[in-house]
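Asker: In case it's useful when we look at the structure, here is the feature table from TrEMBL:
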ACT_SITE  Glu36  active site, proton acceptor
BINDING   Gly73, Ala74, Ser75, Thr76, Gln77  ATP binding site
Amino acid sequence: MYADDLLEELRYALSKIGVTVQSVFSDIRIISGDWEGRYAWISVNYLAKRLRDKTDQTPTPVLETVGALDLGGASTQISFALKPGTVDANLSEYKSQVSSLQLFGETYHLYSSSFLCYGSEASRMRYLATLIENVTDPQSEIISSPCHLRGYEFNLTTEKLFLHSCVDSQLAMITFKRSIKKPKGLPKRLKVIGSGDPEECRRLVSSLFDFTTCEYSSCSFNGVYQPPIRGNFYAFAAFQHQMSFIEFQFPGINLTRSQTQKAVDEYCRMNWQEVRLP
């Protein structure tokens with residue numbers, strides 16, 4: 001209701017102030033998460049000079065396009081160009097997740113998928129609900145969190161948490177195959193105290209993903225089709241924000257996975273008082 005009203009106001013207002021709008025219905029609309037990923041891919045590759053520019057000049061040297069990883073608050077997207085010649089062979093598997101884009105005279109077959117409830121804020125809510133679900137005494141007013149630094153404390157309103165659509169709703173049932181119900185006798189407010197345990201944190205966060213279900217030749221998680229990834233990726237938005245807290249021993253270029261995990265684990269074992277915020 002509110003979204004429809006907002007769109008109507010935008011369609012009326014933008015046409016009155018001289019903004020060029022070819023079609024008020026197709027140009028002013030709420031895009032899907034998959035299209036959000038596609039536009040992110042276009043932006044990243046244009047800024048990285050991997051596409052032709054508006055003068056129709058091919059960049060020199062010709063470079064492979066890069067994939068895009070976008071982490072928002074409610075959802076996350078992955079998008080990348082498929083290897084030429086691989087589209088027709090398994091077209092039935094791609095369905096709506098692959099589209100052909102014409103950009104500066106070139107055709108790109110782009111895979112894009114969006115995962116609602118896997119943004120930084122939505123994932124945090126699901127994680128906290130999972131913590132509460134696993135406590136031995138649901139009436140306790142204090143809960144330990146391995147994904148928060150030692151010494152860090154905050155208060156949590158439980159009623160608001162369990163009203164979140166990614167915790168207990170039809171959306172949660174579709175995404176995670178189950179909702180997390182508010183335990184009986186749970187206090188209205190909890191104090192969450194960080195324990196700084198990266199291994200336990202990784203185990204709990206991994207439980208939010210289903211890596212086993214797959215009806216296709218290959219999947220990412222939760223049974224969502226994804227062809228084999230290729231090339232390099234640019235991660236931005238909340239990905240960059242999360243990593244900005246960590247000081248790497250080496251410059252942040254060409255870091256290996258083990259180097260990254262080592263730096264993350266060292267940071268997660270620090271005390272809250274030791275952390276230097278950027």
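Glycine is treated like the rest: Cβ placed from N, Cα and C.
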Asker: Quick one: of Gly73, Ala74, Gln77, which binding-site residues lie within 10 angstroms of Glu36 (active site, proton acceptor), measuring between C-alpha atoms? Sequence order, please.
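Answerer: For Glu36 (active site, proton acceptor), the binding-site residues whose Cα atoms are within 10 Å come to Gln77.
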Asker: Other residues near the ATP site, CB within 8 A of the CB centroid of Gly73, Ala74, Ser75, Thr76, Gln77?
Answerer: Gly33, Asp70, Leu71, Gly72, Ser114, Phe115, Leu116, Tyr118, Gly119, Ser120, Ala122
Asker: When a 10 Å sphere is centred on the Cβ of Ser75 (ATP binding site), how many other Cβ atoms does it contain?
Answerer: 20
Asker: Do any residues at least six apart in sequence from Gly73 (ATP binding site), in the same chain, have a Cβ closer than 8 Å to its Cβ, and if so which, in order?
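Answerer: Once residues fewer than 6 apart are set aside, Gly73 (ATP binding site) is near Gly119, Ser120, Glu121, Ala122, Ala238.
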Asker: Sequence gap of 6 or more, Cβ distance under 8 Å: name the residues on the same chain that satisfy this around Gln77 (ATP binding site), in order along the sequence.
Answerer: Gly33, Asp34, Glu36, Gly37, Ala40, Ala68, Leu69, Asp70, Ser112, Ser113, Ser114, Phe115
Asker: Other than its own, how many Cβ atoms are within 10 Å of the Cβ belonging to Thr76 (ATP binding site)?
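Answerer: The Cβ of Thr76 (ATP binding site) has 25 Cβ neighbours within 10 Å.
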Asker: When you measure from the Cβ of Ala74 (ATP binding site), which residues in the chain that are at least 6 apart have a Cβ under 8 Å away?
Answerer: Leu116, Cys117, Gly119, Glu121, Ala122, Cys166
